[in-house]
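Engineer: The following block contains the structure, expressed as structure tokens.
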Amino acid sequence: MPTPQAQAQRARTRWSALAASALIQCCAGGSYCFGVYSPALKASQRYDQSALDAVAFFKDVGANAGVLSGFLSAWAPAGRRRPWLVLLAGALLGAAGYLPIWLAVTGAVPATLPLVCFYMLLAAQAQTFFNTADVVSAVENFPDRRGTVIGIMKARHFPSSAFLCLIFTLLVDRLSVLLPRPQVISIGFLFLQQGFLGLSGAILVQTYNTLHVDPSTFILMLAVLPTAVTLLLMYFVDVHDPHQGYDKKYLDAFSLIAITVAVYLMVVIICGQVFLISSAVQSVCFLVLLLLVMSPIAVAVKAQKAESTKHEGSSSEQTTGLLRGEVAEDSESASSSTALGGSNQELSSGKENLNVLQAMCKLNFWLLFLAMACGMGSGLATVNNISQIGGSLGYTPKETSTLVSLWSIWNFSGRFGAGFMSDHFLRQRGVGRPFFIGATLLIMSVGHGIISSGFPASLYIGSVLVGLCYGCQWALMPSITSEIFGLNHFGTIFNMVAVASPVGSYILSVRVVGYVYDMESAAGEHACIGKRCFALSFMIMAGVCVFGSVAAFVLFIRTRRFYRRVVYARLQSFLDK
């Protein structure tokens, strides 16, 4: 009879880690709920729009600057990583940030604007700790399918926010006190683009609706619920032996769940916009969605039982595994990236992964950073201004919300599809992932050009192209980082590259789009009508994307031999076995 320790160890596998990570992601998106609680924050603190924008800026910085979480993730005492430490830090940061904000909104403990900005920075930082722990552990547990698992983790941002949209439908009558209905729906679709991370917001808002609490208590939920779920599940998130075989069909099941939830949510949300749905039907829809969100647990249990049986007998033909040399080769690949384009001896030399400082001294790092600043920055600038663009072109609020939904759908498709497709072409043809970064940036430049034209339906077509390519980059960037710089400091390096997103967004959204919009507005007016309001801005962003594409293709050329001789050769040897 197995001992309690053996039973506990059996419950902790790569599958339970993947399922727990997915559920934690579902409760980790408080920063994406800013549009829900910002009216209460603004009213209680008597902020003007500039003050509220300052709080939002610190939220964006905290949610994107995840270098600290990367350093903690890279810390491996006794040669073993501790993802639960990263998750614990995230849980504590979330509580330390949202609790003081709640106290300030309720008037219990007054706080100045700088303090609120600091609290918001802490709260948003929690999201990077959750994301780093979940993504890094998934990549280390499935290193031969890192594009696929990153796509699953990033795609889980989609249902989280989409789930929030469903709850927005339940709350629309209550929220309409603070916001017009079209704006509520528009905010919901903005959450929709963020996936399972935003799902956390949906769960919290559903609780808010069920308990009939006042809006300020929603902030308290942001402090309590994610912390409780993380503390409950962080035990299961761990790094397991990558050499052990596994059945790929269970990984495909996780992918299928993500797609199913996405499609279901889109149907529910669109129906909620078109038809009047009763509260009872909405509650049933929410229960069905909750079951879908929890379904990864069933997949993990089934996978663990199947693997336990296979370990007792013979391995099936469908079971796949990694080369015994995976760890050593990952180390070689990281050091090899320091000499990409160099001699054959340089390509196979080195025994240690690069740390963040070593990576930042390499041209490949800055090529990737530049490409991401151009792509992610222009993508954020587009979605942040899509309502104003629609207004300047004469779109109705309903049409604008539809635009945001289109962005959301294709953003999810890019996040999920890019990881899967890049895995396929890498395994079958040895095509390096930087090629797909360059290709998506070229397509994104076309999307920006279409939007700048101002022709009928141009905003619909352009938002689809930009949303698709924006999502692709969020799935491709972590995969590329893990391959050319190694896994030892993967969390730190990919979070450092992710800083390109707010940097690019600030330059393009504030210094380009905002400046041109104000310049084209009539003297003394704060509104602009006509395609001239954004035409120049989007032509500039189209050029920026072409420039970023050039940087990505240079990276592709520099890493082409590395991908062929190291990554592709490793995967082919693995498949032959």
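Using the three backbone atoms N, Cα and C, a Cβ is placed for every residue, glycine included.
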Engineer: Of the residue ranges 15-35, 57-77, 120-140, which one carries the transmembrane segment annotation in TrEMBL?
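Structural biologist: The listed stretch tagged transmembrane segment in TrEMBL is 57-77.
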Engineer: In the same chain, who gets a Cβ under 8 Å from the transmembrane segment (84-105) while lying at least 6 residues past its ends?
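Structural biologist: Same-chain contacts beyond the flanks: 24, 28, 30, 37, 40-41, 44-45, 69, 72-73, 75, 111, 115-116, 119-130, 132-133, 216-217, 219-220, 222-224, 226-227, 230-231, 234-235, 237-238, 491.
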Engineer: Given a Cβ distance threshold of under 8 angstroms, which distant residues of the chain, six or more beyond its ends, lie next to the transmembrane segment (217-238)?
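Structural biologist: Answer is 11-12, 16-17, 19-21, 23-24, 26-28, 30, 33, 36-37, 40-41, 83-84, 87-88, 90-92, 94-95, 97-99, 101-102, 105, 123, 126, 130, 133-134, 137, 200, 203-205, 207-208, 211.
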Engineer: Count the CB pairs under 8 A between the transmembrane segment (489-514) and each of 57-77, 363-383, 434-451, 534-557, then give me the winner.
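Structural biologist: It is 363-383 that shares the most Cβ pairs under 8 Å with the transmembrane segment (489-514).
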Engineer: Counting only CB pairs under 8 A, let me know which of 57-77, 281-301, 363-383, 457-477, 534-557 has the most with the transmembrane segment (434-451).
Structural biologist: 534-557
Engineer: Considering only Cβ pairs under 8 Å, which range in 281-301, 363-383, 457-477 makes the most contacts with the transmembrane segment (534-557)?
Structural biologist: 363-383
